[in-house]
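Please read the structure below before turning to the comments.
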């Protein structure tokens, strides 16, 4: 039944039905209950339990729609500490309220005793005034009812807070996974751009060769071409036909420029989305702070009302004691009129405050739903952008493989030279000894500079002999390549650190805003329950 899903369980223990294995987790006898849960199990009314069960069912439906049915229910330690602090404050407020109600009951008892004493000493000719309880004060039964309602609200707050924390945790995990995918895509694009920027004369010295000496599968279903050691041993004679045609080089440069433009657009979109998320988080925090201040003012207003009621009751009791046995019916009627007017004013104020709180709660709930929908749309946009980047990267990998096959075919048609073979063999051994980590990229660049400056020239009569200007041009080209790789590495590191810092800031702000919003909703519900009980009385 619906009651079996509630932690409190039915009020009559003897009428419980047998619990199935699936419902054993919710049965109170299977695990130790907290004092609040035990209080709810014995004190809540059936209609309150039904309302609480309906709320839990709606929460499960929302979690099922969001795909969070099997999520863990563990709460982060920071949130648990906040919940404990809030519960301590709430229990203190409840205890203070109980003390105030005890004072009110004592004052009412003193008032009734004073009225009885006046009636005993009243002359027979005067009609006796009815000693009734003022309508604005709560009795012991009403106080017990208020305490039961407070316990029910506390249990509801705990359940809703736990569910919201679970939703926040799941959404944070999804956002982190999407960010990790985007970072991986950016790194793979950067590697592809670096590989495409390397000229044909220095392609054999590229550090990307050491990453894949054999055929390797890309993380995004891309297969890199086979780069054997034989392809490294082919000469690059200026008189041979190994160079690409001018139109192929132009097309390659155009594609590289298009790829860089796509990367810049993607980075601008990511920055814009992050700025929008940060602005939305700041706005939500400001709104929640304003709502918090409003609630503090309302609590202070309620405290003043209680204090005024106590003062009015004390003044009425003092006036009755001063009149003594010679008091008249007119004085009693005046005191009763003052108490009735005060109770009527208090009831009207409480009704107005309750209506205002209900409207504010509806506005906060609508705002939370809009923020949740906006977050879902942002996640969908990030997924779509990731799929588009994967498609672009696959196309670039295929084109790169085609270009490399053309280059390998052109190299195989040339005649090897002894000096070029020896130089390329030394380069191949040096590349195999390098580490694949990005921290050693600068050492590799220095080694390339040194090799370019001290490379021996071929004998004058050999087919692969090169002139002085050609070697100088190659050295300058290698130095320019090393400088470009240094700049790319520094820019990539700075961009990665900046993005990580911004993402961490936005995540912290969003988590704080969500937690504060949940706390404000719970306070509104508590105030609504506390103000509805005097109105019904």
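Cβ coordinates come from backbone N, Cα and C, glycine included.
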Seminar exercise, completed: Here TrEMBL annotates region 'Disordered', and of 423-448, 449-474, 475-500 the range meant is 449-474
Problem set entry | Correct range for region 'Disordered' (source TrEMBL, candidates 203-250, 251-298, 347-394) | 203-250
Problem set entry | For the coiled coil (168-195), mean pLDDT (0 to 100) | 82
